[in-house]
Structure formats: structure tokens, C-alpha cells
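Taken from TrEMBL as is:
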DOMAIN    B:27-226  domain 'ABC transmembrane type-1'
TRANSMEM  B:22-49  transmembrane segment
TRANSMEM  B:61-84  transmembrane segment
TRANSMEM  B:104-122  transmembrane segment
TRANSMEM  B:163-185  transmembrane segment
TRANSMEM  B:205-229  transmembrane segment
Amino acid sequence: MNWDVIIKYLPRLFDGAILTLELVAFAVIAGLILALPMGIARASRHWYVRALPYGYIFFFRGTPLLVQLFLVYYGAAQFDAVRQGPLWPYLRDPYWCAVLTMTLHTAAYIAEILRGAIQAVPNGEVEAARALGMSRAQAMVHIILPRAARIGLPAYSNEVILMLKASALASTITLLELTGMARTIIARTYLPVEIFFAAGLFYLAIAFVLVKGFKLLERWLRVDATQGR
Amino acid sequence: MADDQMIAGEHMIFDLHGFGPALLAGTLMTIKLALSALCLGLVLGLLGALAKTSAHKPLQWLGGTYSTLVRGIPELLWVLLIYFGTVNMMRSLGEAIGVEGLELSAFAAGTIALGLCFGSYATEVFRGAILAIPRGHREAGQALGLSKGRTFWRIILPQMWRIALPGLGNLFMILMKDTALVSVIGLEELMRRSQIAVTSSKEPFTFFLVAAFIYLGLTVVAMTAMYFIERRASRGFVRSA
């Protein structure tokens with residue numbers, strides 16, 4: 001092990017870790033917002049409401065993220081309409097392509113988590129809300145969603161960790177996040193074991209902090225108090 | 001067979017510029033990679049679960065470290081680390097046994113990396129399955145005079161499969177999508193073949209979309225297979241809920 005090299009390049013890896021965190025934060029927050037209507041639609045009683053989000057979720061969960069990333073980053077350029085369109089400055093930029101693809105990808109998974117959580121809300125609580133005179137929308141906002149958020153939180157924290165690992169794929173479209181940065185450094189130093197080892201430690205550290213953070217959030221939202229009933 | 005039909009069907013929708021056979025070869029490579037990583041991963045997962053549930057502290061620690069460490073690091077990083085990180089090691093190993101320029105092929109590196117990742121998750125699935133077998137079954141085996149190994153092989157393992165299958169099925173779907181990562185180290189599987197086709201045809205959207213649909217097809221096939229395997233494994237059991 002060549003520790004000097006690891007220490008020398010730690011600041012560069014740290015920069016990469018910041019970009020990784022940025023991508024993940026963007027994706028899981030935007031993904032949650034996008035997933036909210038989809039998850040609610042997926043839990044609907046009407047098949048025609050369920051069908052559209054189902055197709056979306058089926059595609060994004062059934063294909064590799066790498067394919068989706070290449071479809072957006074390389075694929076969009078195939079169409080002149082896109083290239084002359086107003087969004088081209090963004091679709092040309094690997095950063096926004098990675099953010100967009102990761103958001104669309106994780107939204108499909110989060111929507112499924114939400115659907116499961118909404119369906120796991122005890123029926124009696126929904127009926128109680130309706131009996132108190134709440135409209136369907138009110139029951140959704142005040143009773144079902146706050147309850148589903150607590151049921152789905154552990155699964156959501158898993159998804160965030162999975163996205164942290166998936167963000168490594170952004171290096172394939174030239175982004176210098178943690179993995180991309182490690183590959184660049186290796187191209188210069190020819191020390192793959194040391195640098196990948198250091199990058200791996202960064203991922204482990206980030207995952208550790210995220211897991212602890214979600215534990216705190218679970219305690220703050222009093223998730224345990226709503227369980228076992 | 002289903003994939004043959006799919007690609008034939010897509011000829012009518014997409015112009016593949018004669019890359020159809022190449023994509024088919026890539027699909028076969030993807031399937032081969034997924035299955036060999038599955039074999040390695042099942043063995044690793046079983047060993048990991050045995051280590052984690054064993055009575056020996058060092059073994060418990062080993063199993064726990066394996067599953068935590070591997071699950072905390074991106075699959076892509078493992079693929080790169082195992083492919084590029086073992087070059088020096090393999091070379092010195094080659095010198096030791098007298099083989100010039102020994103190195104890991106992209107296929108072997110991909111199999112090891114994906115098997116390692118599959119195994120780390122499978123460890124948890126198998127551990128749950130082992131813990132779900134009632135203690136009495138193990139004790140009954142011992143009372144009959146079976147050795148520990150025999151008790152596991154004859155009594156625990158056959159019952160474990162049924163409990164572990166749904167979890168393993170999910171992991172296999174993830175594994176199949178992760179095979180795309182091995183294209184990064186140049187293995188000519190579906191994704192790499194599509195990239196090659198894109199370079200000459202200049203139609204990235206078409207080819208990556210075709211690749212996406214082939215992956216979807218593979219997922220559907222695997223899901224169907226899992227359904228039948230699970231149904232066979234749970235014959236004689238009443239479905240609860």
C-alpha cells in the first residue's frame with residue numbers, strides 16, 4: 001500500500017465525494033417529489049389510474065440505470081428537434097443528464113415504496129378520518145400521507161443508499177464524481193488498488209453517516225411509536 | 001427463444017443496420033455472465049450466512065464484515081477494482097507458476113465482482129432463511145445421530161430454499177441489470193455491443209432503446225421463471241395471506 005499517494009490525492013477525492021453527494025441529494029429529493037403523485041395513483045382503486053404509473057415503473061425498474069443514462073446523454077442527440085430545442089444546453093451537459101436520469105430512475109422505486117406504504121396504512125384509520133367528516137383529499141393529506149411517510153421511511157433510506165452506489169455510474173458519462181475522480185487519478189498514478197480502496201472508504205463513510213442520519217430522523221418522526229399496533 | 005422473437009419483431013420497428021446478430025450474441029453473453037455470477041454468488045452467500053450464524057466469534061465477524069463492506073461500496077467500483085486492481089497480483093502469480101502474462105479476463109473479473117456483490121446480499125437472505133427453520137429440526141437431526149454437516153445438508157438446506165427463493169429472485173433481477181456495468185471493462189455483452197453499434201450507425205437512441213427492451217424482456221423471462229420455481233418449491237404448503 002502506497003499511503004503517501006492516498007494522502008496526496010485525498011483532497012481531490014473529497015471534491016469527487018461532494019459531487020457524488022450533490023447528485024444523490026438532487027436525485028432522491030426530486031425523485032420523491034415526482035414519486036408522490038405516482039405512488040398515490042398506483043394505490044388507486046381504478047385500473048386506468050394505476051396503468052400509466054405502472055408502465056413508467058415497469059420500464060425504469062426493468063432496465064439498467066446505465067442504459068437509461070446512455071439513452072438520455074447520447075440518445076437525445078439523435079433528434080434534431082431536441083438539438084434545436086430550448087432544453088439542449090441542459091441535455092448536452094453530463095451533469096444535468098445524470099441528475100435527470102437518476103431522478104427518473106429513483107422516482108420509479110420510490111413510487112413503489114410509497115404505494116406499499118399507502119396500502120399499509122390501517123384501513124380503520126382512514127375510515128376514522130372519513131367518519132370525522134374529512135374529504136378524501138383531506139384524509140390523504142392529514143392522515144394517510146403522514147402515516148405512510150413513517151411506514152415507508154426505512155425503505156426510503158435503503159433507496160437513498162442504493163442511489164449513493166448507483167451514482168458511481170455518472171462516471172461513465174465523464175462526470176468527475178467519486179468514482180470518476182478515482183479513475184482520473186489512476187490514469188495518472190497507475191495505482192488502482194490504493195485509489196479505489198480510498199474511494200471505497202469514502203463511500204462506506206458516506207453510507208455510514210446516511211444510515212445514522214436516517215436513524216435520527218426515524219426517532220424524530222417517532223416511527224417506532226407508530227409500529228406494533 | 002423469447003429474445004429471438006423480440007429481436008425479430010424489432011426488425012420491423014427499428015432499422016438495426018445489420019447489428020441484430022451482434023446484439024443477440026451480446027444478449028447471450030449477458031445471460032452467461034449473469035448465470036455464472038449467480039453460481040458464485042449463491043456459494044458466497046451460503047458461506048457468508050453459515051459464517052454469520054455460526055457459534056464462532058471470528059467467523060461471525062468475518063461474515064458480518066464481508067456483507068457490510070461489499071454492500072457499502074458501489075458495484076461499479078468492485079468491477080473496476082477487481083479488473084484493474086488484480087493486474088499486478090495476477091502477474092506475480094503467473095511468474096510463480098511459470099505462466100507469462102497471466103491476467104484476469106473481463107468475463108472472469110465481471111463474474112467475481114458481480115458474484116461478490118450478489119453474495120453479500122444473499123448472505124442476509126440465507127441468514128434469514130436459516131433462522132426461520134425451527135430449532136427443533138436441527139435438534140431432531142442431532143438426536144438421530146447425524147453430524148452437523150449432514151444435519152445442515154439433509155435437513156436445513158432443503159427447507160431453506162423455499163424461504164430464501166423470493167429474496168434470491170429479487171437479487172437476481174438486480175444482478176441481471178448490473179451485468180451492464182461489465183461493459184465498462186470491455187466485455188462484449190449487450191451494452192458493449194450496443195455501444196459498438198452506435199459508434200458506426202450514429203443512432204444512439206435507437207440502439208440503446210433496443211438494448212433497454214432486451215433487458216426488459218430478460219427481466220420478464222426471469223420473473224416468469226421465478227414464479228414457476230417458487231410455485232414448485234412451495235408445493236405442499238398452504239399459502240398464508
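Cβ atoms here come from the backbone N, Cα and C positions, even for glycine.
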Sequence-remote contacts (6 or more beyond its ends) of the transmembrane segment (B:22-49), Cβ cut-off under 8 Å?
-> 3-4, 7, 16, 63, 66-67, 107, 110-112, 114-127, 129-130, 168, 171-172, 175-176, 179-180, 182, 187-194, 196-197, 207, 210-211, 214, 218
Long-range environment of the transmembrane segment (B:163-185) - Cβ separation under 8 angstroms, sequence gap at least 6 = 30, 33-34, 37-38, 41-42, 75-76, 79-80, 83-84, 106-107, 109-110, 113-114, 117-118, 121-122, 125-126, 128-129, 132-133, 191-192, 195, 215, 218-219, 222-223, 226, 229-230, 233
Who are the chain neighbours of the transmembrane segment (B:61-84) in space, where the CB to CB distance is under 8 Å and they lie at least 6 residues beyond its ends?
-> 47-52, 54, 104, 106, 109-110, 112-114, 116-117, 119-121, 123-124, 178, 181-182, 184-185
